[in-house]
Every structure is written in C-alpha cells, then in structure tokens.
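K.L.:
Questions regarding the structure given below will be posed in turn.
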Amino acid sequence: MATTDNILQGVNVLGKVDESHSKILTPDALAFLALLHRSFNPTRKALLERRKLRQAELDRGVLPTFLPETKHIRENDAWRGAPPAPGLVDRRVEITGPTDRKMVVNALNSDVWTYMADLEDSSAPTWENMINGQVNLYDANRRQVDFKQGPKEYKLRTDRKLPTLIVRPRGWHLDEKHVTVDGEPISGSLFDFGLYFFHNAFETVKIGQGPYFYLPKMESHLEARLWNDVFNLAQDYVSMPRGTIRGTVLIETILAAFEMDEIIYELRDHSSGLNCGRWDYIFSVIKKFRNNKDFVLPDRSAVTMTVPFMDAYVKLLIQTCHRRGVHAMGGMAAQIPIKDDKAANDKAMDGVRADKLREVRAGHDGTWVAHPALATIATEVFNKHMPTPNQLFVRREDVQISPNDLLNMNVPGVITEDGIRKNLNIGLGYMEAWVRGVGCVPINFLMEDAATAEVSRSQLWQWTKHGVSTADGKKVDKPYALRLLKECADELAAKGPKGNKFKLASQYFAGQITGEDYADFLTTLLYDEITQVGTPRSASKL
C-alpha cells in the first residue's frame, strides 16, 4: 500500500489554515481526499459532460421518459432498499440549516428527530464556512460544541437524546478550489463527504447513529452509482462494514424524477430514501425546459404543491419509496415567525399546518422545517396523523403516474409585475448575501436559499426569453426586465447597510434575466467572488 507521504505528493491547500483546522486537515485525512479524487474525479467529470448532452437533447425537443433500458429494475418487485438505520427509523420532523456553530447547537437542541447540517444550498462555500463547518460537526459528534458568544452561552441540552445528524455535502457540479490534487480543484462533494466521513464515521456509530448524508442535485441513476462507489471505497478504506453509511437522495431535478427506482436501486445497501426538494425541483423544470415555450410558468406564488406536475412528483416519490421499503421525506417549510404582526403570523403558521397535513395524509414519513418554531406545528400534525414511526406500510398502490403527468404544465395563474419584482428582490437579496459569505437569508418572512433564488432567476430568464405579457398587458422584454432590475437594486442598496453588495449582485443578475446567457447554477457563477486562493502549500507540510 502507498504511504501517506507518497499519496500526498501533488496535494496542495490554498486556503488559510488556522490552529483550529489542524485536527481536520491532517495528513491522513488529506490523503483520503486525494484517494477519493484520483479514484472518482474522472467519472464525475464524465457525468457532468453527460448532463450537457442531455440538455442538448431537451433543447431539441426530446422530452424525458422512463428509461427503457432499466425497465427490468422498475418492474422487479423483489428488491428492496436497506432497512432503516439506527437513528433513522423515525424522522417525522427534520430541521435544516447551515453549519455555523450557533446553528449547530440550536438545531441539536431543537425538538426534532434529525438535523440536516447543510454544507450546500444554505451555506455560501467560502473556505472559512466549509472548513469551520467541518470543525463544528467534528465537535458536535463528540458533544464538545458548547461555546460562549459575548455574555451568552450555547450549550447542548442534556435532558434528552439529541437529534440524529445528517450531513448534506455539495452537489457533483461544484468544485472546492482551495484544495487541489495533481493541479485540479477537488470536487466539493468529495471534499465535504471525505472530511466528514474520515473524522466522524466511527464516532457517529459510537453514539448510536452512523455516517448519514443527504445527496443533492443528482440528474441520473449513474450519479447515484458514483456515490455508491464512493461509499464502498470509504467504508473499505477504514474497515467499516458496507451499508453503515446511509444516503437520502433529494429528488430535486426533473430528470431524477424519471429514475427514482433506479436511484434507490443503485444505492440500495446504503439507501435511506428520497426527499421532495420542492424548490430545486421547480427550478429544474424551468431550467431544463427553458427554451420550450410550453413550459412557461406563472408567478412563483402560483406554483404550489397541488399543481399537476408537483402533485404527480410527490405521489410517485411516495409510492416508489414505500414499494422499496425506504423513507419518503416531505419538503421544506421555509416560513419564519412574524413577531410584530399576530394576524400575519397566524396566517403564515396556518399555511405551514396545511402543508404538513397535506404531506402526512399523502403518506410522507417526515418533513422539513427551517426554524425551530415551526417544529412544534409539524410535530403536532405528524403525531396526530402518524402514530407509527413512519408510514412505510402506506403503499399508494392507487397511484398511476405517466411521463405526461410529470410534465403537465397546466398551472393556473398569471404573470404580474408584482411577481417579477418579487423574483428580482429575492434573487438580488440572496446573491448579495451570498457574495458576503451568507448562504441563507430571511426575505419577506421566508428563509430563502440557493434553490429559491434559482427559481426567481430562471423564471425571469424564461419570461424574457419567450416575451410573455403580464396580466396588465406589459410585454416582458430585455429593456423592461433591466429597468425593473435597476429600480429594485437601487431601492435595496439605499435601504441596505453601508457597504452592501447590491451593485455587484445586480451586475451578475443583469446577465441572467434577459433570455440570453444562462449560467448552469448561480453558485458556480458567483463562486470566484468568495474564493480567496492563497499560496499553495503542500499537504505534507501543513
């Protein structure tokens, strides 16, 4: 076997390394990252190229369907995913949020069943956020995450069992430019997964859980196969039994919706189910069919979970998961409490309650909240309607979903100038926060992250591209879109704190809403703005 020194040749760290990072960026951990990169980066790059080819097909008008070559997998009733792992049998309420130390403590102290620690959409991937997130998760698993901030102390509660920790690494498309292997940036996915697994796999087993992950942004079962290969190598490398790792896949792309069975099949020994990533899913529908005028959607507020294509997606996900014996997780309640307006707060919380009731009645095994105050509502609804730890027995054999159902864009509603302005404000607000290193931001009493900003951006692009008219007859074209953008950006900049970055956000956004250029992701478009690459240092000399 190669020595650590040999493996570390060609591995460089370009980000600032503080004393607190030394327990994370150890030679052995960096050697593990190098092994993952050299083993899997060629496949990752090939799969990303495959995405481009698939997009070209869609642009030619080829609509997706269930894959004929995997029909035998879908029609085989015999296979199942893995039984629920320790700490994942009951997941009725999951809280999600970034991995700053305060959030980690507050999330683990919440009255929920699991905490999805997010290194993806609610975290802007500055080097400090990513590496400090790893420090915080390392400490959390060792119950050493307590800290003081000014006069206030943040301590893990000791009066009850803490929620199960699940980590969401970045998607396959993102790089981590602060670590290079053989001259190439390492995959953000492999960096996030590798460091967390290497340091915490056995520690999580010791506390009665395991190394658990949420896997985002996949577009095919081949991308799930790659994760499964990563899991097997990682477990073999540290002599951990295969199947100890569990991964819940977020179905947040329209193409993945046509391959749910196959995705579970590829991960079956490691599968802990699928999740309805609703906002990213809407983004994906607009993005993938952005050049097809038949897929133009009305104002974002009209695209609810009950419109045909969203309803079909939810039903198929629950049916597929329960047929295979794995969890079908519901979506995010992004509302945050409105402190100074009881009537508005009551209305918002009633909306949360209705959404969670829809989910539990449909057969979901659990749901997401973004704020601890919403956990009480979600818990009440699920406890009342789901007295069992999960609903894997709800087979939904009544469901028959066709490709046309998943692509049914019959969505009632109109496009309004108010809807355009809301999208502009959300996109600008999120992007401005992101380039300051903040990955989730409250806007109009909703916690917005990359997914909701992407919906806003993509709708604006789509409307301008196809020259739609608003409900009051205004044609949405490039001059109109840019005029409204300037008005919104100027207003936000004037209201914002001194030194805000709305002008910079506006410059980037202007190139994304005219129906011309379209970046694959806002996060890749903006990444260099938050990248501070220093002098390369050999990993063997850290």
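Cβ atoms here come from the backbone N, Cα and C positions, even for glycine.
According to TrEMBL, the protein carries these features:
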- 10-72: domain 'Malate synthase N-terminal' (DOMAIN)
- 164-408: domain 'Malate synthase TIM barrel' (DOMAIN)
- Arg168: active site, proton acceptor (ACT_SITE)
- 415-530: domain 'Malate synthase C-terminal' (DOMAIN)
- Asp449: active site, proton donor (ACT_SITE)
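Walk me through where these features lie, including what they touch and how far apart they are.
P.N.:
Confidence across the domain 'Malate synthase N-terminal' (10-72), taken as the mean pLDDT and rounded to a whole number, stands at 97.
Arg168 (active site, proton acceptor) has a Cβ environment of 23 other Cβ atoms inside 10 Å.
Counted with DSSP, the domain 'Malate synthase C-terminal' (415-530) comes out as 71 helix, 8 strand, 37 coil.
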K.L.:
Measuring Cα to Cα, tell me the gap between Arg168 (active site, proton acceptor) and Asp449 (active site, proton donor) in whole angstrom.
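P.N.:
Taking the Cα atoms only, Arg168 (active site, proton acceptor) lies 14 Å from Asp449 (active site, proton donor).
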K.L.:
Taking DSSP states H, G and I as helix and E and B as strand, how many residues of the domain 'Malate synthase N-terminal' (10-72) are helix, strand and coil?
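P.N.:
Looking at the domain 'Malate synthase N-terminal' (10-72) with DSSP, the answer is 41 helix, 3 strand, 19 coil.
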K.L.:
Enter the number of other CB atoms within 10 angstroms of the CB of Asp449 (active site, proton donor).
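P.N.:
Other Cβ atoms within 10 Å of Asp449 (active site, proton donor): 28.
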